[in-house]
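As structure tokens, the structure follows; a few thoughts come after it.
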Amino acid sequence: MGVLSIPQIRPRRWLVVDFKKVDWRGYFNSMFWNLNYWDKASTVAGEVEDPSQTFPKALLGAVVLVVSSYLIPLLAGTGALSFNPSGWSDGYFAEVGMLIGGSWLKWWIQAAAAMSNLGLFEAEMSSDAFQLLGMSEIGMLPAIFASRSKYGTPTLSILCSATGVIFLSWMSFQEILEFLNFLYALGMLLEFAAFIKLRIKKPDLSRPYRVPLRTFGATMLCVPPAILLLLVMCLASFKTYLVSGAVVIIGMFLYPALNLVKDRKWIEFSTVQPAHPVNDDIEEHSTVLEQHQVVKDEASVSLLSALPSSNTEEASEISPEGVQKLD
């Protein structure tokens, strides 16, 4: 579409904007949703070989691809067609493709969008599932969430992630965007706070990858995105505040409830990573995981010591072996 639009592009069309008709809430939520969730890649770092070298290269390439995949079609569509703000709604890119290249391009864009949505769903489900698995492995969730299938996938965690998607289906697309953005903003603010606190309290921790800035510089780095996060939260609708507030309140009660269940030993919890099932495809990966299943490095020992109640007891039980591994 970008190539076919070149003869029809009129650069002056890129500057035509009717600010009175701009839906700022929808604009910021859509833009924010389209360009966020980069932190989710960290939840599958354990499944990646040499993440400290692989992740920066992969993220750099992904940023270029994502920005290009949004910018080029937008420049093509807005520059080649006459200004029609009411036409730009969900699914309009396919119509733009038809107007520029014909019916074949419309169907091609729709097929590509379908594959893209499948990829987005798989990526989101994988990151959520492995996040539940990781929380289970350090004792924050019942041990059953760390169980894996014969292929090494966290079955129950994937099922829970898919169930959450089903519950969101009663909301409209725009409402889902606002709801996800609001909760994501809360989570990111907590991540920034944890990032700064660890830099201040534990500056010498061994980190797989480290932001090459001092504490003040790292803090200033978090300020611009934090302002954007607060802006997105302020633009949310009343329904989003209501649903998000309910989720937050449930989480506040769920955390102490899980600690109570863990202290009373009503459900099995574990801080030791369960061994993978023996399978030819993952046998080598399983061996590596078993070598590091108690404590991966001094950062793990230090962070485990900060966990509440029974978490610290379990951490103290495995610390001697972990120290021997470090020695």
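In case you wondered, yes, glycine gets a Cβ from its N, Cα and C as well.
Here is what TrEMBL records for this protein:
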DOMAIN    43-242  domain 'Amino acid permease/ SLC12A'
REGION    306-327  region 'Disordered'
TRANSMEM  58-80  transmembrane segment
TRANSMEM  92-109  transmembrane segment
TRANSMEM  154-173  transmembrane segment
TRANSMEM  179-196  transmembrane segment
TRANSMEM  216-238  transmembrane segment
TRANSMEM  244-261  transmembrane segment
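Counting Cβ pairs under 8 Å to the transmembrane segment (216-238), the top-ranked stretch among 58-80, 92-109, 179-196, 244-261 is 179-196. The average pLDDT for the domain 'Amino acid permease/ SLC12A' (43-242) in the predicted structure is 87.
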